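One structure is given here, and the rest of the page talks about it.
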Amino acid sequence: MIALRRLTWAHDLLQQFRRHRHYWKNMDCALLKPPEEVRGMLELNREAFRKQIKLPRLRVPERDSNKVLPLLKKLLLKMEKLRPVRPLSEIEGDIQSTMREILLHPLAVKSWDCLPTAELEKHNIESGNFYYADLELNYDNWRADEIFKSVLPIEDEGLTSYSRIGHIVHLNLRDHILPYKNLIGQVLLDKVPGCRTVVNKAATIDNTYRNFQMELICGEQQYQVETIENGILFEFDFSRVYWNPRLSTEHERITKMLNSNDVLYDVFAGVGPFSVPAAHKKCWVLANDLNPESYKWLQHNGKRKKCLAHMKTFNKDGRAFLLEDVKPDLLKRWKEDNTKNYQIHITMNLPAMAVEFLDVFRGFLNADEAKELLNQTLNYPTVHVYSFAKGEDTKTRVRELVEENLGLPLGENLEGIHFVRNVAPKKDMYRVSFRLTKDILLTTAKATSQQIQLKRAASVLLEEDLNIANKVKC
Ligand SMILES: C[S@@+](CC[C@H](N)C(=O)[O-])C[C@H]1O[C@@H](n2cnc3c(N)ncnc32)[C@H](O)[C@@H]1O
């Protein structure tokens with residue numbers, strides 16, 4: 001008995017909490033879910049979603065509805081394409097009075113007593129105004145995720161997320177969901193505003209240009225898209241270039257670091273998500289991509305943003321770009337202008353293999369160039385290299401990867417190791433930002449792994465000391 005009372009008390013508390021937080025989830029309510037029969041449906045049958053339910057309502061004279069509605073705000077039934085407040089014409093004797101009908105959430109309102117009765121009665125709304133009546137729900141009343149939750153198998157994880165690139169919805173369906181792909185495509189086409197094409201990732205991206213291999217599952221076979229990222233419009237053929245909307249925050253982080261007159265060397269530029277905003281900010285940009293299609297759209301996007309005067313574009317291998325274009329540009333800057341009133345950045349976003357290009361920087365300058373510049377304090381670029389790392393401690397692993405490939409340890413020149421995103425279980429993407437140093441640019445010999453480890457241990461200790469010192473200061 002005591003246990004039952006406690007349970008009821010806990011239930012009431014939860015109800016109160018939900019009412020307070022406005023936490024009524026339609027899919028928690030059997031009445032508001034699509035019919036059970038749709039589970040396992042392979043071909044979309046919209047008619048099968050029709051369902052009659054009895055719903056609590058409140059009848060309110062139109063003239064009072066503005067005063068009454070704020071009292072019921074958290075108790076309204078909210079569903080797609082369903083207005084919770086609807087006009088209700090009624091014949092009262094000879095006089096036609098206009099009434100409003102307010103649809104209430106069946107989890108929140110089980111009887112007249114669940115309403116703020118004292119407040120309502122002040123407006124002459126009595127228990128007689130409360131009633132139940134039939135309502136027909138149909139396919140239009142549920143969002144795409146609610147439809148999927150009702151149709152796809154319960155046991156397994158369903159459709160978690162999708163990416164949106166202009167008019168294209170890009171899916172990465174797991175194998176057990178593949179039999180439902182036609183239905184999923186059709187529902188997304190119906191429900192996602194502006195969606196005209198639905199594609200599914202066909203394989204892992206392991207091709208050189210990193211563009212997704214994809215299968216059209218619904219809609220038009222039209223892959224040329226326009227999409228806005230961080231306020232800038234990009235246009236490209238999604239089937240032929242790399243574009244990932246999940247990187248927009250990272251693109252923004254880099255762009256925010258840049259000030260006008262800074263320099264950006266973008267080694268794996270794609271269609272320009274770093275380069276175009278940077279050039280638009282009046283940085284001096286050299287942008288490169290090996291994929292001729294990316295190169296075409298990179299130029300196109302720069303032209304559309306009217307920033308080509310600040311952006312030179314290249315279509316070659318990243319290593320050649322660093323040696324043939326970045327290096328001469330750096331040497332020219334170092335010789336002509338040794339003021340440090342601007343910053344130089346090098347972005348290398350090809351996470352599967354960018355670290356393999358880092359050895360270019362070791363011994364970047366030959367003996368003659370070194371002699372000429374040795375006595376100057378140079379404006380050293382910051383490299384932002386992206387990499388995947390697998391395992392338990394991915395942050396340590398990514399630093400190791402950078403150091404092993406650079407062939408030299410990082411120390412005080414390490415500016416940060418930033419988590420970008422989780423790609424798969426135990427696989428993360430990071431940005432490692434470090435400053436090039438005279439040592440890196442002049443040293444030709446590779447450090448041994450023992451030397452690298454020693455230096456890493458020393459710099460970890462130094463970092464810990466600094467942290468302790470900072471804490472003490474605080
Ligand atoms: C992961 S995408 C990054 C694109 C863009 N920077 C972004 O953040 O969305 C990598 C790009 O590197 C290009 N790429 C691949 N191998 C390359 C190479 N060896 N040299 C230059 N670019 C290369 C691909 O065509 C692709 O556009």
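Each Cβ is built from the backbone N, Cα and C atoms, and glycine gets one as well.
Annotated S-adenosyl-L-methionine-binding residues in TrEMBL are HIS251, ASP289, LEU290, ASP317, GLY318, and among ASN261, ASN341, ASN349 the one listed with them is ASN349. Around the Cβ of ASP289 (S-adenosyl-L-methionine binding site), the same chain contributes PHE268, ALA269, GLY270, VAL271, TYR295, LEU298, PHE314, ASN315, each under 8 angstroms and 6 or more positions distant in sequence.
Of the listed binding-site residues, namely HIS251, LEU290, ASP317, GLY318, ASN349, the sparsest Cβ surroundings within 10 Å are found at ASP317.
According to its DSSP assignment, ASP317 (S-adenosyl-L-methionine binding site) is coil. DSSP assigns HIS251 (S-adenosyl-L-methionine binding site) to a helical segment in the three-state reduction. Residues HIS251, ASP289, LEU290, ASP317, GLY318, ASN349 are listed as the S-adenosyl-L-methionine binders, and the farthest two of them sit 22 Å apart at their Cα atoms.
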